[in-house]
Ligand SMILES: NC(=O)C1=CN([C@@H]2O[C@H](COP(=O)(O)OP(=O)(O)OC[C@H]3O[C@@H](n4cnc5c(N)ncnc54)[C@H](O)[C@@H]3O)[C@@H](O)[C@H]2O)[C@@H](O)CC1
Ligand SMILES: Nc1ncnc2c1ncn2[C@@H]1O[C@H](COP(=O)(O)OP(=O)(O)O)[C@@H](O)[C@H]1O
Ligand SMILES: [Mg+2]
């Protein structure tokens, strides 16, 4: 089993070419949030914008537009219950996050079905409520050509049927190979693991200060921005996962709890540090 360490950051994070423009850095659609869980959409979006995504659109409930526009004016907003707008956004964007804060209502099932009908080669990052609904409704994950799954251990238990003590690397590998062999799976926990193409990779950073609501939502935004700017590969996703915990570890040296909003605020300076450290 390979470890994911700091060297991945300078390997993946690139200095920007002088004549580049926002269109070079990914079009990200984040389908997230609900009346109850607006913060999840905000935290995912903030992380995507701060991690350098070129253009970010959030599909959410209109009640959250003002909060989003005030907190993250860089992002655009659409109503996910307007299926025409959502369909257009799915077609237009190349990386799509679905799940944070959606809740497990029929509405979330409808959103997943719209995605299934309209998606082609876009990279899907499926998290949180979308994973729970997929487990409950037995939705076939193989309908997505490029999919990254980011369950925590509770969500992975629902998806895989494996109880937490049984979530060994061997069992997880077997399960993902039968559920969605072409996916990239991140099982989030202390020392998160990536399962990809029949191999396991383990993160060697992170801390218990990260055990706070919104930390996973923030990760989805970072992964989306990285895939949008760099490429869809194991290395890129590993770098996104590492950056998240790397910044959290720096904050944890001084702060008892690692606030997701604080973590997000430190993404641009940390990325610049690794981009500039390249020879
Ligand atoms: N501010 C916000 O709007 C927030 C919204 N959130 C949203 O709330 C919805 C429910 O997500 P939750 O994850 O809270 O609830 P879930 O019900 O999906 O997961 C929690 C369950 O999983 C179990 N569990 C086992 N191992 C776990 C682990 N390592 N980490 C977390 N849980 C573990 C817990 O005991 C509990 O039974 C999602 O849509 C999520 O995105 C959360 O992200 C928190 C912040
Ligand atoms: N004790 C811990 N050690 C290391 N990382 C942790 C710890 N607790 C939580 N994390 C990390 O924080 C994130 C939590 O994700 P998640 O449970 O989905 O949060 P939320 O849904 O509230 O946004 C994951 O990346 C997980 O690995
Ligand atoms: Mg989560």
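Placed from the backbone N, Cα and C atoms, the Cβ positions cover glycine too.
According to TrEMBL, the features are:
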- 40, 101, 152, 217: (6S)-NADPHX binding site (BINDING)
- 188, 189, 190, 191, 192, 216: AMP binding site (BINDING)
- 5-274: domain 'YjeF C-terminal' (DOMAIN)
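Distribution of TrEMBL features across the structure.
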{"residue": "40", "record": "(6S)-NADPHX binding site", "DSSP class": "helix"}
{"residue": "101", "record": "(6S)-NADPHX binding site", "DSSP class": "coil"}
{"residue": "152", "record": "(6S)-NADPHX binding site", "DSSP class": "strand"}
{"residue": "188", "record": "AMP binding site", "DSSP class": "strand"}
{"residue": "216", "record": "AMP binding site", "DSSP class": "helix"}
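Among the binding-site residues 152, 191, 192, 217, the ones whose Cβ sits under 6 Å from an atom of ligand 1 are, in sequence order, 152, 217.
In this view, residue 152 ((6S)-NADPHX binding site) is surrounded by 17 other Cβ atoms within 10 Å of its Cβ, with every protein chain counted.
With residue 192 (AMP binding site) as the anchor, the candidate binding-site residues are 40, 152, 217, and the one with the nearest CA is 152. With a cut-off of 6 Å between Cβ and the nearest atom of ligand 2, the binding-site residues 188, 190, 191, 217 reduce to 188, 190, 217. Taking each Cβ in turn and tallying the other Cβ atoms within 10 Å, the top scorer among the binding-site residues 40, 191 is 40.
Take the CB of residue 188 (AMP binding site) and look out to 10 A: across all protein chains shown you find 22 other CB atoms. Within the set of binding-site residues 101, 192, 216, 216 have a CB atom less than 6 Å from some atom of ligand 3.
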